[in-house]
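Engineer: Annotation source TrEMBL lists [4Fe-4S] cluster binding site at Cys325, Cys406, Cys423, Cys464. The domain 'DNA primase large subunit C-terminal' feature in TrEMBL is assigned to 319-492.
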Amino acid sequence: MFRQTKRRTAGRRNFEEVSTFAESSKAVYPSRLSFYDLPPLEEITLEEFESWAIDRLKILIEIESCLARSKPLKDIETVVKPLLLKFLPLNPSPSSGSDAQIIAERKKDYYSHYTLRLVFCRTEELRKKFLKNETTLFKIRYNMLQPKEQLEFAKLYSDKLMWEYISNEEKIEIMDSLVAASGPVIRTILSIENSGDANFSLTSEQLRQHIRHKESFIKLPFEKVPNLVSLRQVFLRRGYAYIPSTLQVNLLSVVFSELLSQALLRTFQAIPRLEEDDRLLPLLNNLSRNFASIQYDSFGDPEKASDITASSVTTPQISKHYPLCASHLQNSLVANSHLKYNGRQQLGLFLKGIGLNVDEAMKFWSFQFTKSSKMNMDSFNKEYKYNVRHTYGLEGGRINYKPWDCATILLKPKPQKGEYHGCPYRDLPLELLVDTLGQMGIQDQHDINGIVEDVNKNDYTVACTRVFEITHKQQLQGKNENLHINHPNLYFDRSRQLERNDAKAVGVAK
Ligand code: SF4
């Protein structure tokens, strides 16, 4: 897809020249957190350009999904931290020894951010999404820093922040006032942070000690923090507001967001120049196609296929794990003994993905099509046998087709009269959708309003994820295993996995 040979272009350094620069690049990444205020200068390969951006995108998709479901920052942190460790780790600088690994981590973080700026600068809507998700990521990462690193970070950007830290003497002098003004909000935040610890409690003296030793206060002209002043969360003296570390993340995120917003507009204005580069544009277009374009890809697990047969797929034991698109298709097939082309493809590939092998698929489709007197076996063999075998890569070009993800389903033409493919959150009339949700056991008006709101915002996968969470509420309790549904087979696999976990917990073999 892309030119792999090195190309000499006027004004650009080439790969051979990079090594000398890379050795000194530590100076470019002095902190593991960044405002990304300097554009990257080194060259990277096209594979790195794409794969680093995809890794970052995986994290932003989770954040997007959590924000759409109004998760508090603490819950988002629980979901995102393991992903950060896996896809974008950022370790502190070692006190001594080699820091090659640290430089590599920071470089990936830096470049992936800049690649996604190119991807998401093109429309107002994409810019807003990127800004919101990156700012949340910034807050999560700031909270992961050690207090010493937080101080260093503020010093690093002192020209942008213009923060003045108070001295230890001043802190001791006004300690009572600081505790009285900011103590309650610090206590609340610490309680939320330690909500997993049933024994957590803080006496007044412990709170005072925490403020004394762990909180670094800055003072700013009070008009710069009107929200904190109106909420009475900060001590005011001689025109200055005294802000503890616990509340500084909000100030930093405002600065981060403002800088990024300006940078995205500048990037957008520079985009036409990129059109000269025939390697990058297809890649950027591909990445921006959809925030949910990362495919779920864990098909072919033999364990999950053991009980998937022509007769079992229509039983409640199996079909209760289907997402709405699959159950809508299968119910229509059972009721009408027929499905049109797009419906057969969508359901056929979904069933293949959950483990229905080609022999069982043939039994399933032939039984469903011939069970009424509308069609006999000869006609089925003539008209549809090839189609089923083709789905499994046994005819024609012998391509092993994968089940469609939500993005693919949403890109297909909408179903016409007598067709049932597509995504029901997009395609069903709202009244019918609400009825269907009721049949799935979703009766709570607050839940229904949330789903309808997602649908009205065209956030169909968010609606589907919300339905998954509501219908699996008990199994998900205390697990914090939030994930965004972007594939019907992911919905199915997660649902079955949760059931298996439950069964293991009570010692019942499923
Ligand atoms: Fe199916 Fe995806 Fe729509 Fe859910 S969001 S119903 S999994 S297409």
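Our numbering is plain: 1 for the first residue shown, then up by one each step along the chain.
Here the Cβ of each residue, glycine as well, is placed from N, Cα and C on the backbone.
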Engineer: Mean pLDDT for the domain 'DNA primase large subunit C-terminal' (319-492), as a whole number?
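Structural biologist: Residues in the domain 'DNA primase large subunit C-terminal' (319-492) carry a mean pLDDT of 92 in this prediction.
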Engineer: Which residues, in sequence order, are found in the same chain with Cβ within 8 Å of the centroid defined by the Cβ atoms of Cys325, Cys406, Cys423, Cys464 at the [4Fe-4S] cluster site, excluding those residues themselves?
Structural biologist: Pro323, Leu324, Ile409, Leu410, Pro424, Tyr425, Arg426, Tyr460, Thr461, Ile485, Pro488
Engineer: Across all chains shown, how many C-beta atoms besides its own are within 10 angstroms of the C-beta of Cys464 ([4Fe-4S] cluster binding site)?
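Structural biologist: The Cβ of Cys464 ([4Fe-4S] cluster binding site) has 25 Cβ neighbours within 10 Å.
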